[in-house]
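**Student:** Feature table excerpt (Swiss-Prot):
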DOMAIN    2-82  domain 'GST N-terminal'
BINDING   40, 53, 54, 66, 67  glutathione binding site
DOMAIN    88-220  domain 'GST C-terminal'
């Protein structure tokens, strides 16, 4: 059995892994794990990833979890352009720096924006208070400013003149609040231009394919009560 990727494109790290593999012509079998149906919580999936999270990778008898680890594994196993994860010590360190920063900052803010603005009221039927939503969106705005000031600055991409894993991970995160109807790029011309560069670099068709699900988040039907009961503890733990 060749490379298998366990993904749901509703998930932002899954989108990053999917885009990277497709863009670099890495052959893989796609194994869909439907988060909305709670398939990631099943005993069957726990055999692949006991943490019950996506993405997950299976390469023969070898399994791997965590999106950054998976992306790095793919850069090392397959012949991909150097700019994704440069050999140059300091250029690579810049990518590492962003990947270390984003997990508890941009990811948290973008995830909370999606769930508080759309997924709780629409999918789970549990509206959040206006105060909570306002605080979530304010936190997102602060994080976006940090992204611009610390990482993008006046560069073409987050870590230099070429796209890297940092940009791919960042853009897939930012499309979460976009899917919730947040005007993430409005009033931020540098960030908006950067998005256009990233989209062009990965290919517009692939970019749209990967984000088709999240851009329809507002149209999700209400969750079945049984699914809601199963998912709620997982959701609350995820966005806390």
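Placed from the backbone N, Cα and C atoms, the Cβ positions cover glycine too.
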**Student:** How does the model score the domain 'GST N-terminal' (2-82) in terms of mean pLDDT?
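**Tutor:** Over the domain 'GST N-terminal' (2-82), the predicted model scores a mean pLDDT of 97.
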**Student:** Compute the mean position of the Cβ atoms of 40, 53, 54, 66, 67, which form the recorded glutathione site, and then list in sequence order the other residues of that chain whose Cβ is within 8 Å of it.
**Tutor:** 6, 11, 13, 14, 49, 51, 55, 56, 65
**Student:** For a quick check of packing: other C-beta atoms within 10 Å of the C-beta of residue 40 (glutathione binding site), how many?
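**Tutor:** Counting Cβ neighbours of residue 40 (glutathione binding site) within 10 Å gives 22.
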**Student:** So, by DSSP, how many helix, strand and coil residues make up the domain 'GST N-terminal' (2-82)?
**Tutor:** 31 helix, 17 strand, 33 coil
**Student:** Let me check the 10 A CB neighbour count of residue 67 (glutathione binding site). How many other CB atoms are there?
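**Tutor:** For residue 67 (glutathione binding site), the count of other Cβ atoms within 10 Å is 27.
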**Student:** Out of 53, 54, 66, which of the binding-site residues is least crowded by other Cβ atoms within 10 Å?
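**Tutor:** Each of the binding-site residues 53, 54, 66 was scored by Cβ atoms within 10 Å; lowest is 66.
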